[in-house]
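For reference, TrEMBL has these:
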type	residues	note
DOMAIN	26-151	domain 'Gfo/Idh/MocA-like oxidoreductase N-terminal'
DOMAIN	162-295	domain 'GFO/IDH/MocA-like oxidoreductase'
Amino acid sequence: MSTVDEGDRLAAASEGARAVGAGRVGIGMVGTAFMGAAHSQAWRTVNRVFELPATARMAVICGRDAARTEAAAARFGWAATETDWRALIGRDDVDLLDICTPGDTHAEIALAALAAGKHVLCEKPLANTVAEAEEMAAAARAAGTVAMCGFTYRRVPAVSLMAKLVAAGRIGRIRQVRACYLQDWLVDPSAPWTWRLSADRAGSGALGDLGAHVVDAVRFLTGAEFEAVSALTETFVAERPLPGGTGNAPVTVDDAALFLARLGGGIVGTFEATRYATGRKNALRIELNGSLGTLAFDLERLNELEFYDGTQPSGEAGFRRILVTEPDHPYLSAWWPPGHLLGYEHAFTHQARDLLAAIGGGEPVRPSFDDGLAAQRVLDAVGRSARDRAWCPIVH
Ligand code: SOE
C-alpha cells in the first residue's frame with residue numbers, strides 16, 4: 001500500500017471518527033469491482049456536496065481476495081477490510097450493508113443484513129428470481145430499516161425532471177412508451193466470458209442487467225405497472241473464451257431481449273435491452289408519447305431532456321432541448337453553475353444522498369425492495385414469454 005493510499009485511508013477513517021455521534025452511518029460494502037468503485041465514489045463525495053442529517057463513514061469493504069480488497073480499500077478510501085461478508089453483519093461499526101455483488105448473492109446477504117437490523121442498499125436487479133425478491137421485500141417490510149434497490153437512473157436529474165413534468169400533466173395522458181438500453185461490449189465474439197453470461201450467477205443477461213433499468217425507469221416515470229408482455233430473446237454467441245485462455249465457457253443467458261408490453265392506464269410500449277447494438281455504448285433511451293406532448297431522454301446525453309409541447313401553436317411547436325443544469329432542477333443546487341454538466345457517477349451520489357436523508361431524516365426511500373420485486377416480476381414474465389412464445393400476464 002503506497003503512502004498516498006494510506007493517507008487517503010487514514011483521512012477516511014479520521015473523517016469517520018469526527019462523524020461519530022454526528023448522525024454517523026457506518027457503511028459496509030460487499031464488492032470491489034465496477035459497482036464497488038462507483039458506490040465508493042458516492043460515499044466519499046456525498047457529505048462534501050449535500051447538507052444532510054447523517055454522515056457516511058466508509059467503515060469496511062469486503063471482497064473474497066484479500067490483496068485485491070486491501071488495494072481497493074486504499075484506493076477507494078475504506079477504513080478496514082474483510083474477506084467474508086458475514087463479518088460485516090456482526091460489526092457494530094456497520095449500519096448499512098451496500099451490496100455490489102453478482103445477483104446470485106443478493107438475497108443471502110440482504111436477508112442476513114435485514115435480520116440484523118441493518119439498512120441495505122442492494123444493486124440491481126434485486127435478485128435472480130421472483131421468489132428471492134419476494135422474500136427480500138417481505139424481510140425489508142418486517143425489518144423496518146431503510147432498504148433501497150440501486151436503480152440509480154431515477155436520480156439522473158433529467159430523469160427526475162421528466163417524472164416531475166409527467167406528474168404535472170405537461171404531456172397529458174401517456175399513450176405510448178418506447179424504451180431501450182443499448183450497449184455493445186459483447187459484439188466481439190472474442191470478448192471473454194464473465195459471470196454476467198451465466199444464468200446461475202446473473203439470473204439473465206441483457207434482460208436483467210439492462211432491461212431491469214428500463215423497467216424501473218418506466219415504472220418511475222409513468223407510475224404505471226406492467227400488466228402483460230410478449231417477448232423474444234436471443235443469444236448470438238453461444239460460448240466465449242475464459243479469461244486466461246484456459247478454454248471456453250457456455251453463454252447461458254440472453255444477449256438481447258425485446259418485448260411489447262401493456263401497462264396500467266391503457267399505456268402500450270416497446271422495449272429492448274441488448275449488448276449488441278454496435279456503436280451504442282450506454283444508451284438508455286426513454287420516450288413517452290402523451291396526449292399533449294412528448295418527453296425523451298438519452299443517457300448518452302444525460303444532461304439533456306427533449307420536450308415537445310403539443311399545446312403550443314402548431315407554427316411554433318417543435319422539440320426543444322432542456323439543459324438540465326439549473327439550480328432548481330433536481331439535485332443541481334448542490335453542484336455547479338448552469339451549463340457545467342454532471343455525469344454518470346453523480347446519480348450514485350444522489351442515491352447516497354437520498355439514503356442518508358432517509359436514514360437520518362425519515363424521508364421515504366424509493367426504489368424500495370417492493371419496487372425491486374415489481375421489476376423482478378416483469379423480468380420473469382419476459383423470460384417466460386420468450387420461452388413459451390406467448391403473451392404473459394404479470395400479477396403484482
Ligand atoms: C452493464 O455494463 C452496466 O454496468 C450495468 O450493470 C449497470 O447497471 C449500468 O449502470 C451500466 O452498465
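Numbers run from 1 along the shown chain.
Note: Cβ is positioned from N, Cα and C throughout, glycine not excepted.
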Which residue counts does DSSP give the domain 'GFO/IDH/MocA-like oxidoreductase' (162-295) for helix, strand and coil?
33 helix, 50 strand, 51 coil
Let's see if you can do this one: DSSP helix, strand and coil counts over the domain 'Gfo/Idh/MocA-like oxidoreductase N-terminal' (26-151), in that order.
60 helix, 27 strand, 39 coil
